[in-house]
C-alpha cells in the first residue's frame with residue numbers, strides 16, 4: 001500500500017532501509033574511539049531519520065493525525081527527559097529508555113497480529129510470523145517490565161533485593177504459561193480451546209501478560225551491584241525484540257538494527273559477568289553472597305589492625321608523590337564526589353604529579369558508569385585506564401586513592417578460594433607505596449565479605465563521605481601550596 | 001523464502017556487530033548502551049506503519065502507544081548519548 005511516494009520505483013523503500021542499516025554500522029564503528037564517538041552517534045541518528053522518514057513517505061497513512069500526534073508526544077517526552085536529567089541519574093534514564101524500546105516492539109507485534117488476522121480472526125498466518133510475534137511479545141514485555149524495575153532500583157525506590165523461597169519455581173511457572181500461550185498462538189488454536197477466538201488475538205496478550213510478570217520477577221531479586229549485568233542484558237533484549245519484530249513484519253532494517261543492538265548487549269553482558277567472575281545464571285538466579293557470610297570474622301580481622309588518617313596527612317603524602325592512581329567506585333557516584341576528585345587531579349597535575357584513574361569494569365551501576373561521571377567532571381578520557389592497563393603500574397605508584405570502592409580492590413579475590421569473589425579480576429592497589437582508602441566505615445561491600453586490604457601496613461583509612469573527604473583533601477592540599 | 005533471507009540478515013548483522021562492538025573501549029560503554037538503545041527504537045518504523053494504517057481502532061490505539069514509546073526511546077536515547085559524548089574530551093581540550 002504505497003502512500004505519497006507512489007511514483008517512486010518499488011525498490012526505493014528497500015534501498016533506503018539498506019542505507020539506514022549502513023549508517024547504523026558506520027555510526028557504531030565510530031564509537032570505537034572517544035574522538036570520533038560523537039560523530040558516530042550523529043551518523044546513527046541520521047540512519048534513524050532516513051528509515052523513519054522513508055517509512056512515513058512510503059506507507060499509506062490513513063490516520064496522519066494519530067501518527068503525528070504520537071511522534072510529537074514521544075519526541076517531546078524524550079527531549080525533556082534527556083535534557084533535564086542529572087548526570088548522576090543517567091543510569092536509570094538509560095534503563096527506562098531501554099524498556100520503552102522493548103515495550104514498543106511488543107505492542108507493534110500485537111497490533112500487527114490484529115491487523116493481519118482481520119475482524120474475522122480466521123485468516124491463517126505463516127508459522128514464521130506467529131512464532132516471531134510470540135517471541136517478540138515475550139522478550140519485549142520482559143524488557144519493558146524488567147527495565148522499569150531496574151530503573152526503580154537505580155533510582156533508589158526499591159533498594160533491597162526481594163527474595164523469597166521458591167522464587168525460581170515461580171519464575172519457571174510463569175515462563176511455562178508464556179510458552180504455552182505462545183505455542184497456542186503459533187498453532188492458532190486459541191489456547192487449546194480455553195480462550196475464545198477474538199479479533200484481539202487473546203493468546204498473544206496472555207504471552208505479554210505472563211512475560212510482564214516474569215520481567216518483574218527476574219529483576220526484583222537482583223542487588224544493586226549486579227545492575228551492570230542486568231542493564232547490559234536488557235539492552236540485548238531490546239535489540240532482539242526489535243529483530244524479531246523485523247521477522248514478524250518482514251522488515252530488513254529492523255532485523256539489521258535489532259541484531260546489532262542484540263550483539264552489543266550480549267557482548268557487554270559477557271564482559272560484565274567475566275569482570276565479576278560469575279556466570280549469567282548465577283547473577284540472575286542466585287543471590288550474591290548467598291553462601292554463608294561470616295560477619296563475626298569481618299570485625300575480628302579489623303580489630304586493632306586498621307590505621308586511620310586525616311586529609312592533612314594525605315595531603316603531605318601527595319606533596320612528595322610523583323604518581324597517583326585514583327580508584328573510584330559506586331560510593332563516588334552516590335556522594336557525587338567526581339568534581340572534587342577531578343579538582344584534586346587537576347591540582348596534582350599542576351604540580352607535575354602524574355594522575356591516572358584506574359577503573360574496574362563493574363565499578364558503579366552500569367557499564368562505564370565511572371567514566372561518564374568523570375568525563376562530566378572534565379577528566380580527559382586518556383587519564384581513565386582499564387584494569388589490564390593500570391594493574392602493572394601500581395608498583396611504580398606512590399599513592400593510590402580508593403574512593404567509594406571496596407570489592408574491586410579486595411585481595412581475597414586472588415587467594416581465598418572459598419570466597420564469593422574468588423577469581424574476580426581486581427585492581428592490585430596494594431602493590432603501590434601507600435594506599436589511602438576513603439570509605440564511610442569498615443562495613444563490608446556488596447559481596448558482604450571483609451577486605452584484608454584495610455589491615456595492610458601501607459593502607460590508611462580516610463573515613464568519611466566521599467565528597468566531604470575529597471573536598472577536605474583538596475582544601476588541605478591547596479593550603480600546603 | 002522470506003524467512004531464510006531474514007535469517008541471512010540476522011546472522012550477518014550478528015557477525016558485523018560482534019566485530020565492531022568488541023573494539024569499543026570500556027570508557028564508552030555507557031554511551032554505547034544508550035546509543036544502541038536508541039537504535040533499538042528502530043521498532044518505531046513498525047509502529048508508524050501500524051499506527052498510520054488505521055485498519056481497526058484497536059490496532060491504531062496500540063500503534064499510537066507504540067509510536068510514543070519508540071519515539072521517546074529514539075529521541076531520548078540519541079540526545080542522552082550526545083550529552084554524554086560531548087563531555088568526553090582529550091587532555092587540554
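From the backbone N, Cα and C atoms, a Cβ is placed for every residue, glycine too.
Remember, it's a predicted structure, so these values are computed and weren't measured experimentally.
Per TrEMBL, these features apply:
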- A:12-28: transmembrane segment (TRANSMEM)
- A:15-475: domain 'NADP transhydrogenase beta-like' (DOMAIN)
- A:40-59: transmembrane segment (TRANSMEM)
- A:65-85: transmembrane segment (TRANSMEM)
- A:92-111: transmembrane segment (TRANSMEM)
- A:131-151: transmembrane segment (TRANSMEM)
- A:172-192: transmembrane segment (TRANSMEM)
- A:204-222: transmembrane segment (TRANSMEM)
- A:229-248: transmembrane segment (TRANSMEM)
- A:254-273: transmembrane segment (TRANSMEM)
**Item:** Mean of the pLDDT scores, which run from 0 to 100, over the domain 'NADP transhydrogenase beta-like' (A:15-475)
**Value:** 89
**Complete:** Among A:12-28, A:65-85, A:131-151, A:229-248, A:254-273, the stretch with the most Cβ pairs under 8 Å to the transmembrane segment (A:92-111) is A:131-151
**Asked** Excluding the flanking five residues on each side, which residues at least 6 beyond the ends of the transmembrane segment (A:40-59) place their CB within less than 8 Å of a CB in that stretch?
**Response** 1-5, 8, 12-13, 16-17, 19-24, 26-31, 67, 253, 257
